[in-house]
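Database features, via TrEMBL:
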SIGNAL    1-27  signal peptide
DOMAIN    30-156  domain 'NTR'
BINDING   30  Zn(2+) binding site
DISULFID  30-102  disulfide bond
DISULFID  32-131  disulfide bond
DISULFID  42-156  disulfide bond
DISULFID  158-205  disulfide bond
DISULFID  163-168  disulfide bond
DISULFID  176-197  disulfide bond
């Protein structure tokens, strides 16, 4: 039914899905579709700030025939931005041990803090992989940190489209064009770090940095 909550995924389903992300012939590769930080926050079941206390290799399931391994990180949760209705306090997070299945390597026993996004599985475990948005907290801009509380969540009705070549135009009024790759040849450039795709009362969306409109070069890029 429309509006019904989606069932939480299981270990086995997520591992099968991650296996499909492997490009044919590249057994040691992990491939992810690009996504703006706002999209990551909107599509993730859980968003937290945390430190990594320790790591341990564990079986992926209780089935003796299952040879898959997972990496379990014990964490110290500092703040939760999303996921309150699913979990109260996260003690462990899990990721594939195999790097070709998009397993995440984090620094344990250090002072480094991370922004972690991920899924909550049907058994309550938190699962992360390289296709999630996972960044050292110190690398986030002030706009990104502030937007975690409100702006990203409140504007999930907006659509963000990645521009790779020109011309690049919007196809819907609630769409924002993400031009970091086009202008800077990297995904998380100035636009990802400092702008939010915000919805107006008339249903349209546009880029904003606080009260400032999008920089002129971001607007010009949509013209043929």
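Glycine is no exception: its Cβ is also placed from the backbone N, Cα and C atoms.
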Segment confidence, the domain 'NTR' (30-156), expressed as mean pLDDT
93
Pairwise CA distance, residue 168 (disulfide bond) versus residue 32 (disulfide bond), rounded so that it is a whole Å:
22
By DSSP, what is the split of the domain 'NTR' (30-156) into helix, strand and coil residues?
23 helix, 46 strand, 58 coil
Distance between residue 131 (disulfide bond) and residue 102 (disulfide bond) at the Cα atoms, whole Å?
7
Which of the recorded positions 30, 32, 163 has its Cα closest in space to the Cα of residue 102 (disulfide bond)?
30
How long is the line from the C-alpha of residue 32 (disulfide bond) to the C-alpha of residue 163 (disulfide bond), rounded to the nearest angstrom?
16
Looking only at 32, 131, 163, 168, 205, the disulfide-bonded residues on record, which one has the least crowded Cβ, with the fewest other Cβ atoms within 10 Å?
32
Here the disulfide-bonded residues are 102, 197; the one whose Cβ sees the most other Cβ atoms within 10 Å is 197
How many Å lie between the Cα of residue 30 (Zn(2+) binding site) and the Cα of residue 163 (disulfide bond)?
22
